[in-house]
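Student: Quick one: the structure is below, questions incoming.
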């Protein structure tokens, strides 16, 4: 049976009005207890229309002159019903409650009866007072109906992580917040990870009930993953930095961060031997089980670790661990496996330290030389149980090809781009770390002693990342079978790769190729001839003022092939090449926010089948002034294009992709239009500023990609608000589209309209990402009280599609004719040399 409300019928009310009463009791309540107040008059017990057993003790009695009207309810049933209601939702406030301890009759609207104390006269309920009672009952019924619908929504398939975050942020009911916190376990890890900044920001800056709902999930995931633990620690530190120093020291975010970094959240049963794979821990006890939530829907992850071939025969050597401890006083003496977080933290700290030291050097040439030297020394600490957090697969870092690193363009700082060789593995936490392959086995090298000092002692060169040694003689390295494979394959590599790059010499990149014979298969010759017959994109010349241009222009696949041929690990089938940009002195929290909005809009446009193209790139926030960025491969800035080619954009397109009517040019033109429309909408919605040609990339397929979202929403360069147009649309962009009268330009405007209609259909998904991050934030993009309101207004929810079309036409026309865009480009050319 459904829920039944215990209420006075109209018949009973009429009898109360007509008949005198000797009782002043007009309340219906549970027997009072020391701690319990009045209870809502709702119950999930069966209907009382046919009466309950008279032998049960009465809950309360209403007696009126003509006889006694008894309402008898089983006490245990009533208590159980109230407990169920309180545990499920706790929505009702009990507007019609009456305290049984009071002798004064209280009406349903909460006011005392005016005749209650008048000479002991019985209370009378007038017709005017019946209406408020009825309205209260109607509200209670509506609330009950809303609760039912809310529970059905929470348990439906439509309830996704975006809705969960929204209810967690907006709900003020602890019961609902606890329920949502429990439901986090039922979502995929990747889906929750996308909203990790929002979850942790709510944990830091919102009330205690929200924090209590979020913490069990965060703690559980930290026990399962080193990578998740470190990302939580980094984000907690970054988002707590806006608090006052005295408050920050004792905040919940700081306490949780210290708990994570203390490594107290490691799995309860440490694996001393790795022959036996451990199943995932049991699902933690829920705070509030919701109806319909099955156990299988709440299991956090179905993936279990499956052993690699190396793990089958390898166990941790305790003597090896003790040996490491003796050589490194920082390592705590323990017979358990080494501290989980230390190697990765030391690796990231080393990369950040390089960036800080580069910023102190005056010229770009000195920065480049220092970068190559520092990275070559870093290689002596590899391989290790370290990884790049921006990658999408598990791996171990084995080598950094130092001669390929470049310093990027920056006026005051020294961001740099590195390429990282990794070996893909099944689980970087449990898979064996690869054995170090000395470079002398397969190539000629210069001795370590010939390296520039860079302020690093020989002892530091030989040391490793805290607990992770060089693994040359470590038991936890390769299995016997793996070593056998190496011994079989190494001679082949040695004889066929005589033109490999010298390890520490930039000059030998070109000199080694002519010194030794190269053996090439006939199939390779045929393949290279066919590739030469095809159209080959141009290359950039070396520019001492911009060394990154040549590296970024080189096709990615060609770079991978070249670096693999020169790597001692390149023969291994699980070898992969990754790249990352390291930034020091920059706050990447706004970049992370922009990435989330771009990713959400990309998903929306894909769902709505709008062919807009954007490229969100991953952002890793390490602290409030450092982080890592995923590079966009096969792309160079429009500034570099114009500087290197000295051509207009349309002429460069013809040079790269052929004449106007070729299939390659038409494909590149369509890619340009779809990406330009997508980023124009992004720039309008987020009010992206600082749109000079150094911050707009052009890839090998014709797409444009906007980078550097340091000025969005309420912030602008130097807070001047100089760029007033909705987005950047220059005459060169229009020329690539075929001119104002071309079909592709009309296609561009049509895509703008379709994209805006689709975006406003899902506006709340975008708004909540930004709104939650505004809590407790001191970021420049949130300056002013109207940031969120202005963002909502740019979705134009009140306009018809015809009015939206007029708006798009006006924005396009205004952006093309914007004088401030031309002035800002001129300002950047005069001050920074950006073309």
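Here the Cβ of each residue, glycine as well, is placed from N, Cα and C on the backbone.
Take a look at what Swiss-Prot says about it:
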- 19-59: compositional bias 'Low complexity' (COMPBIAS)
- 125-134: compositional bias 'Basic and acidic residues' (COMPBIAS)
- 267-276: compositional bias 'Basic and acidic residues' (COMPBIAS)
- 277-288: compositional bias 'Pro residues' (COMPBIAS)
- 311-332: compositional bias 'Polar residues' (COMPBIAS)
- 59-262: domain 'PIK helical' (DOMAIN)
- 554-820: domain 'PI3K/PI4K catalytic' (DOMAIN)
- 1-61: region 'Disordered' (REGION)
- 99-139: region 'Disordered' (REGION)
- 267-341: region 'Disordered' (REGION)
- 560-566: region 'G-loop' (REGION)
- 687-695: region 'Catalytic loop' (REGION)
- 706-730: region 'Activation loop' (REGION)
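For each feature listed, report its degree of burial, its nearest neighbours and the pertinent distances within the displayed model.
Tutor: With DSSP states grouped into helix (H, G, I), strand (E, B) and coil, the region 'G-loop' (560-566) comes out at 6 helix, 0 strand, 1 coil.
Remote same-chain residues near the region 'Catalytic loop' (687-695) are listed as 409, 594, 637-639, 642, 706-717, 723, 727-728, 794, 821, 824-825, 828, 832, 834-835 (criterion: CB distance under 8 Å, separation of at least six residues from the stretch ends).
Long-range neighbours of the region 'Activation loop' (706-730) within the same chain, counting only residues 6 or more positions beyond its ends whose Cβ lies under 8 Å from a Cβ of the stretch, are 586, 590-591, 593-595, 617, 632, 676, 679-684, 686-691, 695-697, 770, 780-784, 787, 790-791, 811-812, 814-816, 818, 820-821, 823-825, 827.
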Student: Using DSSP, what's the helix, strand and coil tally for the region 'Catalytic loop' (687-695)?
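Tutor: Secondary-structure breakdown of the region 'Catalytic loop' (687-695): 3 helix, 0 strand, 6 coil.
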Student: Could you give the number of helix, strand and coil residues in the region 'Activation loop' (706-730) as assigned by DSSP?
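Tutor: Counting residues by DSSP class gives 3 helix, 1 strand, 21 coil.
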